[in-house]
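*Asks:* This is the structure, below, for whatever I ask next.
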């Protein structure tokens, strides 16, 4: 065992080692967060989860580190991994392109310093004169502080910079930078003063309010020039690592040891991938297009385990990937949710099967507070499977139904027309609708605006439904939650609004239907087929299908109405609850007629005649979806039109930036949170950002199958706030330190230096 690793990982917290002359040396805690560009480091994060320790193991490579040092860091990381039982998740980190998880370990940010062990660096003497240093501050939550060449040529007006001149530390705020960037810049300047100058330097803020003399004082430190000489906002591609593409190909590669003891690799599949492709006896490499995972089977050989990361490096070199491409090593039965999400199906232990989303106890409490008859945690696995299949997505969004009211209108010639209340719940696949739902919370009215888009609705109608929804929200002063609903993927609350009386018919006005009042009689041949979905009286719905055998599914219940009979067809995989819901649907779509119950396999000729004859149909049960954990992203559109995604690991409410649009992926639904300070273009493109996020999502989710909700700052529903570890509704009014507050504290701190 490496002596420096003795006792490693036994207690919670962060531990860092540096590679010095090919040896592992403990790194001083007071220097955590400072990394020399010429060095390599090993970073271990230990946490206690319900009494069990778990580990994330990172090895960090500076941009100027030697190949030998980098190799030593990788080898020693494997040794530490073995010491911890081979279960840590390993991460390869490269300077400037670290994972958000790594950056989140350092609350004051990460600072890159020139030099290293091999170059003979020395500790800073706070009383000794030394040349000026310029730092580029990037990131709003995960801060990177990179040392750059001193001079105005290294600066731009869209970012913030720190100029360290010894007795003065200047914080330059680019005119185009945002308030959150500026706040982080001051926070980054304070450690430079405290750590490098023993608190004896003054911090001087250079922004639009700075005097000419203050701005001029920094010019000598920059080697001449003035703020006017600084380049415009950077529009380069330095954030390309965060850009997501729709065309990334996800591939799976087998890593194995052949009969001669030589490690081999070969590609075994492309997306869609199945969990069954992974063999416990071997190792596998998953190439996601933006990063690489190495999966270690529990029965793989020691050589395969040791060589797998080395092979990953060779694979990336062969593919021409950048050296900073993220690599993670995961072990069987301890796969993170992000890894499992790349597979179309993933069998979890029965007690872990969920609705596609992982819930904390706090989130469960928020759900049960609004819908007391629904408690997922108490359900048997088979019941949870039925809920996953029938209850509809976004089931956490279930506000209290009491005293609620609704207004429904379809789009006719791209205009909203009211729907007669007696026909609420009847939808046509050729139309789009807007539904306004009003409910009360603590005596105050709250609103949800649904825009429902039929599968056969025209693109103009779909676009118009979104426009009308925005208009209605504006009339409500931005207080509504906007929810896009695609036919067949209605959220649980949307279904419950109609209390079991929802029917989706084929066609629409443009398709030649007479009108909605003829729904129970109009059909050219007197034959109609409906698929039944639902778990209780409140969420049952009937979806009309094409009258052919191929529309049937063994996992479901169907209602077949013919001129002479009405059949209730029970698939072999259907539950008793689904059968009961089917009987209620018969009363709804085919009232006043005798019902004939037919079990799958016992159909008569008249039944098949109504479907145009026997035919093949789906008989296999859909497999379980992998559990997905909530994730928060800061999303922007780059000047080139690409989606830039920056994930916030271990996120909290404080990560919701007032100046930005954020995307919260709950694992079930996707929320678009619009900050009050976001610009008009970002507000206008909020839904587009979420749609692009889903399109570039490497999992099997599709745009149509994912519910998108748009919410404004200050109007967050309980389903949204419950995803966060804690929520303070007054935070933005009095809970956060603003840039102006932080700036006002600077003179007070400087006064103590004099």
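Here the Cβ of each residue, glycine as well, is placed from N, Cα and C on the backbone.
Positions annotated as Ca(2+) 1 binding site by Swiss-Prot, on the basis of similarity to another entry: 430, 431, 461. Taken from Swiss-Prot, the feature Ca(2+) 2 binding site covers 556, 578, and the record attributes it to similarity to another entry. The annotation Ca(2+) 3 binding site is assigned in Swiss-Prot to 659, 660, 682. Annotated region 'Actin-actin interfilament contact point' per Swiss-Prot: 68-71, in sequence order. Residues or ranges marked as region 'Disordered' by Swiss-Prot: 209-238. The repeat 'Gelsolin-like 1' feature in Swiss-Prot is assigned to 22-71. Swiss-Prot lists 143-183 with the feature repeat 'Gelsolin-like 2'. For 266-306, the entry in Swiss-Prot reads repeat 'Gelsolin-like 3'. For 643-684, the entry in Swiss-Prot reads repeat 'Gelsolin-like 6'.
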*Asks:* Three states by DSSP: which one describes residue 556 (Ca(2+) 2 binding site)?
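*Replies:* Residue 556 (Ca(2+) 2 binding site) sits in coil per DSSP, no helix or strand.
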*Asks:* For residue 431 (Ca(2+) 1 binding site) and residue 556 (Ca(2+) 2 binding site), what Cα-Cα distance in Å is obtained after rounding to a whole number?
*Replies:* 26
*Asks:* Take the region 'Actin-actin interfilament contact point' (68-71) and average the pLDDT across it for me.
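*Replies:* In the predicted model, the region 'Actin-actin interfilament contact point' (68-71) has a mean pLDDT of 90.
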*Asks:* Give the sequence-ordered set of same-chain residues, not counting 659, 660, 682, with Cβ within 8 Å of the centre of the Cβ atoms defining the Ca(2+) 3 site.
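*Replies:* Sorted by sequence, the hits are 178, 636, 657, 658, 661, 675, 677, 678, 679.
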*Asks:* Please report the DSSP secondary structure of residue 578 (Ca(2+) 2 binding site), reduced to three states.
*Replies:* helix
*Asks:* Measuring Cα to Cα, how far is residue 578 (Ca(2+) 2 binding site) from residue 430 (Ca(2+) 1 binding site) in Å?
*Replies:* 27
*Asks:* Considering only the binding-site residues 461, 659, 660, which residue has the minimal Cα-Cα separation from residue 556 (Ca(2+) 2 binding site)?
*Replies:* 461
*Asks:* Given the binding-site residues 659, 660, 682, state which is nearest to residue 461 (Ca(2+) 1 binding site) when distance is taken between Cα atoms.
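*Replies:* Closest recorded candidate to residue 461 (Ca(2+) 1 binding site) by Cα: 682.
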*Asks:* Using all protein chains shown, find which of the binding-site residues 431, 578, 659, 660 scores highest when you count other CB atoms within 10 A of its CB.
*Replies:* 431
*Asks:* Where residue 659 (Ca(2+) 3 binding site) and residue 430 (Ca(2+) 1 binding site) are concerned, what is their Cα separation in Å, rounded?
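*Replies:* Cα-Cα, rounded: 39 Å.
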*Asks:* Within 10 Å of the Cβ of residue 556 (Ca(2+) 2 binding site), how many other Cβ atoms are there?
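*Replies:* By my count, 21.
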*Asks:* Taking every protein chain shown into account, which of the binding-site residues 461, 682 has the largest tally of Cβ atoms within 10 Å of its Cβ?
*Replies:* 461
*Asks:* Reported as an integer number of Å, what is the Cα distance between residue 430 (Ca(2+) 1 binding site) and residue 682 (Ca(2+) 3 binding site)?
*Replies:* 31
*Asks:* What counts of helix, strand and coil residues does DSSP assign across the repeat 'Gelsolin-like 6' (643-684)?
*Replies:* 8 helix, 16 strand, 18 coil
